[in-house]
Amino acid sequence: MVAPQLAAVFTKLQTLSTSDHASVVSMNIFVALLCACIVIGHLLEENRWMNESITALIIGVFTGVIILLTSGGKSSHLLVFSEDLFFIYLLPPIIFNAGFQVKKKQFFRNFITIMLFGAVGTLISCTIISLGVINFFKEMDIGSLDIGDFLAIGAIFAATDSVCTLQVLNQDETPLLYSLVFGEGVVNDATSVVLFNAIQSFDLVNTSPRILLEFIGSFLYLFLASTMLGVIVGLVSAYIIKKLYFGRHSTDREFALMMLMAYLSYIMAELFYLSGILTVFFCGIVMSHYTWHNVTESSRVTTKHAFATLSFVAETFLFLYVGMDALDMEKWRFVSDSPGTSVAVSAVLMGLVMVGRAAFVFPLSFLSNLAKKSTSEKISFREQIIIWWAGLMRGAVSMALAYNQFTRGGHTQLRGNAIMITSTITIVLFSTVVFGLMTKPLIRFLLPHPKPTASMLSDQSTPKSMEAPFLGSGQDSFDDSLIGVHRPNSIRALLTTPAHTVHYYWRKFDNAFMRPMFGGRGFVPFVPGSPTERSEPNLPQWQ
């Protein structure tokens with residue numbers, strides 16, 4: 001009686017051991033592939049066509065083919081796609097690093113235009129895509145999709161992925177263009193996710209003006225509350241590190257506190273049902289403006305490279321996985337009997353993405369140019385084409401939202417849902433590889449030799465700038481000479497360049513109240529014998 005029970009227990013333990021070993025093998029192969037992506041990406045650095053995103057995607061596809069052949073057509077990937085893995089572990093370091101490394105001067109100078117493209121433009125694109133699929137999909141045999149699915153499709157394909165373009169652009173050579181593409185990408189992701197969540201939470205069958213107003217109110221609340229939460233967490237981290245000055249005893253503690261509080265901002269946003277993307281992005285901006293200057297010099301170097309490395313590895317991981325998941329046989333079996341339908345759906349969606357993108361880039365650029373007096377601040381037609389092109393690529397955010405809407409636990413048994421998943425995979429692959437390969441030649445053709453401008457000056461208060469001396473006596477990012485608040489030396493200059501602007505008042509408020517309390521450049525804590533004291537003897541110190 002005891003012997004059969006022992007045998008059953010032994011069999012279960014053996015099964016668990018085999019499963020654990022299979023997981024270890026999968027992780028070994030995946031880490032080796034990540035290393036291969038880095039090495040091959042480095043070797044192709046100067047290639048006219050390739051970039052790291054496309055390299056990781058292609059390696060993922062080839063790996064998926066090999067796994068598919070060796071497994072007898074059962075599976076093409078090493079890991080099962082998980083929304084939690086994407087939204088909780090991979091996305092936060094990417095978005096935080098974007099805010100941490102951003103050139104704040106350029107970002108906030110173009111903030112209105114960025115919000116027009118990222119928020120209003122995303123709403124326009126979502127509307128056009130949703131209306132398009134409602135009209136076109138009714139003529140196709142793709143299964144049963146309701147109004148909620150159609151609106152969700154609009155939010156899914158309104159989410160852009162401008163990584164390929166940003167890898168080609170240089171923010172010192174084309175500061176305006178880089179700032180717009182970069183800023184729009186972050187705000188676009190946040191807007192798409194907020195829209196998607198709002199669509200899922202509202203009753204879209206019984207619509208009324210009240211429901212519409214509630215929808216708009218909820219959207220604005222999420223935007224403002226998420227931004228404020230990120231700012232508050234960033235300021236709290238700056239205050240704690242400034243007052244306690246961990247670096248006098250251990251630089252590891254201040255670095256660990258920065259990293260954990262950055263992640264805490266994202267988790268808190270998810271806890272309160274806010275937009276974690278917006279929260280962690282603005283937390284990164286605040287930390288780079290205040291917290292980063294309160295830590296020791298060695299911690300500044302460490303945080304700058306650590307956050308950038310985490311972001312780089314997470315991006316490579318995502319593109320590698322998307323490549324492998326493209327050949328998931330479970331989804332493709334549902335569309336194998338009607339491949340023409342899947343191709344038609346993908347073509348319609350790609351066409352709507354291009355039309356929806358053009359519908360707001362060019363009109364909103366025109367409106368933005370009307371408000372700009374200086375020619376150098378206006379968006380040229382060639383730059384508008386690059387902005388339009390940068391938003392045609394779709395990536396991991398679209399994949400994650402599609403899996404959320406059309407699968408349960410990464411699996412689906414409905415034909416319509418399978419068609420939408422395969423179409424999303426097709427568009428992500430096509431747009432990233434085809435459009436991504438053409439990005440470098442297109443930018444070099446449209447912008448052959450960017451003219452140097454005053455705005456090409458490096459933003460000294462941003463961690464991206466690692467010049468020597470590390471914190472010399474260079475101008476602050478909010479100084480008059482860098483934010484366009486020049487002292488007028490003539491009546492004409494006085495009329496064309498007003499002395500009192502939003503930046504001017506913000507800088508006065510920042511220097512008079514914010515920096516003395518939360519630290520920052522020139523207001524770092526004074527500790528006798530500290531690295532800060534030795535490296536910055538001429539800067540004013542605050543207790």
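Each Cβ is built from the backbone N, Cα and C atoms, and glycine gets one as well.
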(request) If TrEMBL is the reference, give me the range from 22-44, 505-527 marked as transmembrane segment. (result) 22-44
(message) Which range is it, out of 143-164, 385-406, that shows up in TrEMBL as transmembrane segment?
(response) 385-406
(message) In TrEMBL, one of 56-73, 254-271, 272-289 is tagged transmembrane segment. Which stretch would that be?
(response) 56-73
(message) Under 8 Å between C-beta atoms and at least six residues away from its ends: which parts of the chain pack against the transmembrane segment (22-44)?
(response) 50-52, 55-56, 59-60, 63, 78-79, 313, 316-317, 319-320
(message) At a Cβ cut-off of 8 Å, and with pairs 6 or more apart in sequence only, do we get at least 3 pairs between the transmembrane segment (344-364) and the transmembrane segment (114-138), yes or no?
(response) yes
(request) May I ask for the residues of the chain that lie six or more residues beyond the transmembrane segment (114-138) and have a Cβ under 8 Å from a Cβ within it? (result) 107, 145, 147, 150-151, 153-155, 157-158, 179-180, 183-188, 190-192, 195, 223, 345, 348-349, 352-353, 355-357, 359-361, 364, 367-368, 387
(request) Give me the stretch from 85-102, 385-406, 418-438 with the greatest number of Cβ pairs under 8 Å to the transmembrane segment (305-324). (result) 85-102
